[in-house]
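Straight from Swiss-Prot, the features:
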TOPO_DOM  1-4  topological domain 'Cytoplasmic'
TOPO_DOM  49-63  topological domain 'Cytoplasmic'
TOPO_DOM  85-94  topological domain 'Lumenal'
TOPO_DOM  116-125  topological domain 'Cytoplasmic'
TRANSMEM  5-25  transmembrane segment
TRANSMEM  28-48  transmembrane segment
TRANSMEM  64-84  transmembrane segment
TRANSMEM  95-115  transmembrane segment
Amino acid sequence: MGHDIKGFSCAFAVGLLFNILACIVSHSGYPIIVVASYFLAPFPNILCRNRDSFSSEKGTFEDIGLFLTGLFITSGFAIPMILAHSDIISGKALAFSMAGGVTVYATIITFLWFFNRHNDEDNNW
């Protein structure tokens, strides 16, 4: 399991490196704004998930959490597009920023899937 953590950490670092390269290519710090959305995206889901163990229904509060998570993920891709459209960053910086976003979000999703899978196997005794 230790090698898995190292692999996920390396993939996440590569995604952040792409965003740093986007800043270098564009000669501005604007693409680094996207990194804030990477860190803010999981918090609405964590804070708004269903705490009631007796009910399997999703509540309005959980739907709001899912909506806000989607908003942060969408903004992680939309902000570089808006910056490129307004000629604040170049097309190369847009490509680096998008590659970083895809890498980071894919790493987070794979990480959550991988470790939730192990938790499900442990609970089936």
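Residue numbers in this text run from 1 along the chain shown.
Glycine residues also receive a Cβ, built from the backbone N, Cα and C atoms like all the rest.
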Cβ contacts under 8 Å made by the transmembrane segment (28-48) with residues that lie 6+ beyond its boundaries: 15-16, 19-20, 22, 61-62, 64-69, 72-73, 75-76, 79-80, 83, 88-89, 93, 96-97, 100-101, 104-105, 108
The topological domain 'Lumenal' (85-94), counted residue by residue under DSSP: helix, strand, coil: 5 helix, 0 strand, 5 coil
Mean of pLDDT values spanning the topological domain 'Lumenal' (85-94): 95
Chain residues outside the topological domain 'Lumenal' (85-94) and at least six past its termini with a C-beta under 8 angstroms from it: 22-23, 25-26, 28, 30-31
